[in-house]
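To start, the structure under review is shown below, and the notes come after it.
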Amino acid sequence: MKVFEGKFNGKGTKIAIVAARFNEFITSKLIGGAEDILKRHEVQDDDINLFWVPGAFEIPLIAKKLAQSKKYDAVITLGAVIKGSTPHFDYVCAEVSKGVAHVSLESEVPVIFGVLTTNSIEEAIERAGTKAGNKGADAAMTAIEMINLIKGI
């Protein structure tokens, strides 16, 4: 059996990060984790571009524009949607995740879902660099792996 998998080498790649400003305290930690991983895997600082959007709901549109531009090898989406006492959380989470997946499938550019969807601020903090690792870093690793896997197909 011949096995294909992406390598973890970001040299020569260009990455866009789309980040939601809402819950910026959490999102900034995710960005830091993503940036650290990208640089550790040889993505040059000038090849990492950050695009701020007001909230998570706006992420898919900007991700689509960036993917369609063909300027980027991958788009990483980062944000934090924290459950409140209304069903708004469910609507936002569903639409953002569907929107990001749709952009990736339509554009054939890896668009990585790094948006936290948590029940509490404590859970978000845990996933932004404490107990549960940093999901921004995980998203960056996924981006690098997917770029290289696609190149090998």
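Even glycines carry a Cβ here, placed using N, Cα and C.
Source: prediction; values computed, not measured.
For Phe22, Ala56, Phe57, Glu58, Ala80, Val81, Ile82, Phe113, the entry in Swiss-Prot reads 5-amino-6-(D-ribitylamino)uracil binding site, with the evidence type sequence analysis. Among the features that Swiss-Prot reports, (2S)-2-hydroxy-3-oxobutyl phosphate binding site is placed at Ser85, Thr86, Arg127, with the record citing sequence analysis. Per Swiss-Prot, active site, proton donor is recorded for His88, and the stated evidence type is sequence analysis.
Among the residues the record lists as binding 5-amino-6-(D-ribitylamino)uracil, namely Phe22, Ala56, Phe57, Glu58, Ala80, Val81, Ile82, Phe113, the two farthest apart have Cα atoms separated by 16 Å.
Take the CB of Thr86 ((2S)-2-hydroxy-3-oxobutyl phosphate binding site) and look out to 10 A: across all protein chains shown you find 8 other CB atoms. Within the group of recorded positions (His88, Arg127), the Cβ with the highest number of other Cβ atoms inside 10 Å belongs to Arg127. In the three-state DSSP scheme, Ile82 (5-amino-6-(D-ribitylamino)uracil binding site) is classed as strand. A simple Cβ count within 10 Å picks out one of the binding-site residues Ala56, Val81 as the most packed, and that one is Ala56.
Neighbour list (Phe113 (5-amino-6-(D-ribitylamino)uracil binding site), Cβ cut-off 8 Å, at least 6 residues apart, same chain): Thr77, Ser97, Val100, Ala101, Ala139. Separating the Cα atoms of Arg127 ((2S)-2-hydroxy-3-oxobutyl phosphate binding site) and Ile82 (5-amino-6-(D-ribitylamino)uracil binding site) is a whole-number distance of 12 Å.
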